[in-house]
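Asks: Annotation comment: TrEMBL describes 100-121, 127-152, 173-193, 199-219, 250-275, 287-305, 376-397, 409-427 as transmembrane segment.
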Amino acid sequence: GMPPSLHSSVHLPLGLYSITSAMFMPSFKSLIYRKACFDVSNATHPLDCDSDNSTVYSHAGIQAWANEISMWSSAAMCVGAILSSMALGRIGDRRSHRIALLVPLTGLIASDLLLLLQWTSYQSSTMLLILAEAVFGLCGGYVSILSSCFAYTSVKHEGDEEGRSVSIARLEGSIGLGAVVGLLLCSQLGGILSYQHLFLFFIAIHVICLILVLFMADLRPSGSGRRKRESLWKESFQFLSKSGSIKRPLLVLLIAFFACFFAFIGSSHIILYYLKHRFTMSMTTFSIYRAAEKALSTASALFLFPFFRRRASVGNVALAVVGMSTRALAKAWTAIAWSETALFATLVPEAFSRFAASALRSLMATQVRPDEQGRLFSFVALLEAVCNLLAVVFFHTLFPWSLSKMSELSFVVMAALLVPPILLLRCHRDVIESTSAVGNGEEESKMMSSKGQSKA
């Protein structure tokens, strides 16, 4: 293969974006808390919103209002992304995969500017926060940044199944690596930098990403001109079916991906509140725990996954099953952990859970044609956005309700949800490994059975 030169590699802009995205979450959450504090504070009960003291943050009214703003801004982002991601996927398949990446990056910078505006005056409306997220969402949101990168990589490795799955794992790795750097920066700079400085730093990095993408080699789909144009709706979801009926293997993979992502995203929404409630864990311990978890799963995506794929030639389905089983195990252990020390044991199974997403993405890419990759990955992004929306509502409702009864209930639910898809994948293993949209099915089956086909 070609050496990953700067202008053809999408790993660097994605990694840089991940750094800011990991730093954004805590700073946006504190921004919401602060805003909620200013909204709740009034002449009769003035609250000190500038200090980081805990009395303000445990104020029930502020908690409730912050949770609501948080939910609405997540919802605005997801709804925006649901509306725009399929359109961006089509642009990727029809015109160019680079344009499909430039649109969400431009939206991201616009959203940064709106948030910066928010900081210039505390009196500004809380709606600005929600608007900033909606703007980014309508331009595709973070899900489209990811899906455009995955589609770009997938098209680049057309016909090289092993190279594709390794490259996708490396993308997952650069997302993780960025997140680790972001979390570490956040735990160090959080106290030093003001919010204005943080958001200026975000804008600088996002502009660098935009410039890097502008210099990237453009991938235009071959042979897309020949196809007759269908209606937008039909064309967007065409890749799901084959001669009228839905592709069964693809459906199984999508269900597995959904369950896996639901458990992952649900956990990331409530884990902080859960650990604070259960072990009164400090922010520093929490940052260390999250960074360690991300660092291990990233290392396994960057080194173990390619090793298993290439050296040990383990199939993608097997790797997906391993990833999902370890994730279920980790969630179950989070529920039964009796102390902070015991909790750190989840780091071991959690390290392998990244396998699931890489393997499933790669398997899905095999199920559709080269000129459908953009739409496939956008559909997966759409699935992620819907999933995120459901998880936000589901876990933000279940978790507060379960606090009085059994606080670990949410994690039990996550683990239980992963069991059916694991069984589904095991049952459909042969079907999934023998089908491929290219029609020859040789990529996987040459490893699975000796059909005597050889690659020219």
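For all residues, glycine too, the Cβ spot is worked out from N, Cα and C.
Whatever TrEMBL says is automated annotation, not expert-curated.
Remember, it's a predicted structure, so these values are computed and weren't measured experimentally.
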Asks: Is it the case that the transmembrane segment (100-121) and the transmembrane segment (199-219) have 3 or more CB pairs under 8 Å, with pairs at least 6 apart in sequence?
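Replies: Per Cβ check, the transmembrane segment (100-121) touches the transmembrane segment (199-219).
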Asks: Residues sitting near the transmembrane segment (173-193): Cβ under 8 Å, six or more positions beyond its termini, same chain?
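Replies: Contacts with the transmembrane segment (173-193): 11-12, 14-23, 26-27, 146, 201, 283-284, 287-288, 290-291, 294-295, 297-298, 301-302, 354.
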Asks: Go through the chain and flag residues at least 6 beyond the ends of the transmembrane segment (287-305) whose CB is under 8 A from any CB in it; none is fine as an answer.
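Replies: Apart from its flanks, the transmembrane segment (287-305) reaches 165-166, 169-170, 172-173, 176-177, 179-180, 183-184, 186-187, 275, 281, 319, 343-344, 346-348, 350-355, 358-359.
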Asks: Mark yes when the transmembrane segment (127-152) and the transmembrane segment (250-275) have three or more Cβ pairs under 8 Å (sequence separation 6 or more) and no when they do not.
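Replies: In this chain the transmembrane segment (250-275) does not contact the transmembrane segment (127-152) - fewer than 3 Cβ pairs sit under 8 Å.
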